[in-house]
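Visitor: Dumping the structure here so I can ask a few things about it.
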Amino acid sequence: MSETADRVKKIVVEHLGVEAEKVTEDASFIDDLGADSLDIVELVMAFEEEFGVEIPDDAAEKIATVKDAIDYIDSKQ
Amino acid sequence: MFDLTGMTALVTGASGGIGSAIARALAGQGVRLTLSGSNEEKLKAFAAELGGGHETLVCNLSDPAAVDALVPQAVDALGGKIDILVNNAGITRDNLILRMKDDEWSDVISVNLEAAFRLARAAAKPMMKARFGRIISITSVVGVTGNPGQSNYAASKAGIIGMSKSLGQELASRGITVNCVAPGFIRSAMTDALNEAQKAAILQKIPAGGLGSGEDIGAAVVYLASREAGYVTGQTLHVNGGMAMI
């Protein structure tokens with residue numbers, strides 16, 4: 001597992017208060033992890049802070065799963 | 001009750017009549033303030049009069065870029081956090097609809113409504129992170145009742161009420177409340193300029209039999225800013241001596 005994936009999963013676990021084993025790369029934030037749209041906004045803010053990247057709104061809208069987030073962040077680093 | 005010690009606030013229009021009374025009331029409960037307004041000299045003089053080392057920031061609320069920068073600047077000045085945003089600044093450009101110029105309409109909407117939106121948007125971010133926030137906007141009784149000659153002003157004030165209800169629903173789960181205070185007739189330079197006949201006509205419509213004061217508005221803001229008011233959101237608190245019960 002990449003370092004980005006570890007850090008992303010840690011943020012998701014902390015923010016959504018879900019068990020670590022549920023945060024698989026295929027997990028959908030809304031369907032599998034119980035996030036609402038405001039949680040997604042907050043997760044994106046937390047990713048921006050953690051990785052020092054800017055995630056514009058049109059990119060943020062496409063982030064639906066844990067893998068989407070990891071891939072986007074990796075592509076910007 | 002209503003001890004706000006340790007909280008920080010940004011108040012717009014802070015050197016005006018109602019704005020300065022709000023600032024005074026918050027400072028009196030222990031809030032550290034950033035006072036914003038358009039007139040640097042008046043702001044500095046008011047901050048000096050208030051004492052206690054409050055900050056001042058000049059901002060032209062009709063300039064979107066300046067408005068977007070105001071909350072980050074205030075957060076910096078306040079040591080990294082903003083607990084309370086008071087959207088108080090407002091202007092009037094009264095005219096009958098048939099005579100109302102495009103810029104009379106757009107100036108009022110941009111300062112009274114759009115700036116309130118921009119400031120709330122900017123403040124929501126640090127408030128969400130802190131899991132606490134109070135967004136309080138000063139609207140007006142005419143935003144609910146309407147008033148001839150004030151279609152632009154009434155629209156802007158009604159807009160703030162609708163916006164606050166939506167934001168209240170969006171942000172409630174994060175410990176942020178969003179409310180309005182709607183003053184009726186408040187003693188000010190504007191009401192002082194009215195003649196006796198005009199004053200008598202106004203007073204006839206006010207069951208309390210007198211004009212309100214800035215302190216009446218300040219007290220309402222203190223309540224909505226308090227931790228005790230955490231279960232109150234999306235509301236408009238009317239402070240008008242009973243002239244409109246809505």
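The chain as shown is numbered from 1 upward.
Backbone N, Cα and C define each Cβ position, glycine as well.
A quick note: this is a predicted structure, and the numbers were derived from the prediction, not measured.
Annotations for this protein, taken from TrEMBL, read as follows:
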- B:7-189: domain 'Ketoreductase' (DOMAIN)
- B:Asn88, B:Tyr153, B:Ala154, B:Ala155, B:Ser156, B:Lys157, B:Ile186: NADP(+) binding site (BINDING)
- B:Tyr153: active site, proton acceptor (ACT_SITE)
Visitor: Using a 10 Å radius around its CB, how many other CB atoms surround B:Ala155 (NADP(+) binding site)?
Guide: 18
Visitor: Pop the mean pLDDT for the domain 'Ketoreductase' (B:7-189) in here, whole number is fine.
Guide: 97
Visitor: Across all chains shown, how many C-beta atoms besides its own are within 10 angstroms of the C-beta of B:Ser156 (NADP(+) binding site)?
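Guide: For B:Ser156 (NADP(+) binding site), the 10 Å Cβ neighbour count is 28.
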Visitor: Check the DSSP secondary structure of B:Asn88 (NADP(+) binding site), expressed as helix, strand or coil.
Guide: coil
Visitor: For B:Ala154 (NADP(+) binding site), list the number of other Cβ atoms lying within 10 Å of its Cβ atom.
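Guide: For B:Ala154 (NADP(+) binding site), the count of other Cβ atoms within 10 Å is 21.
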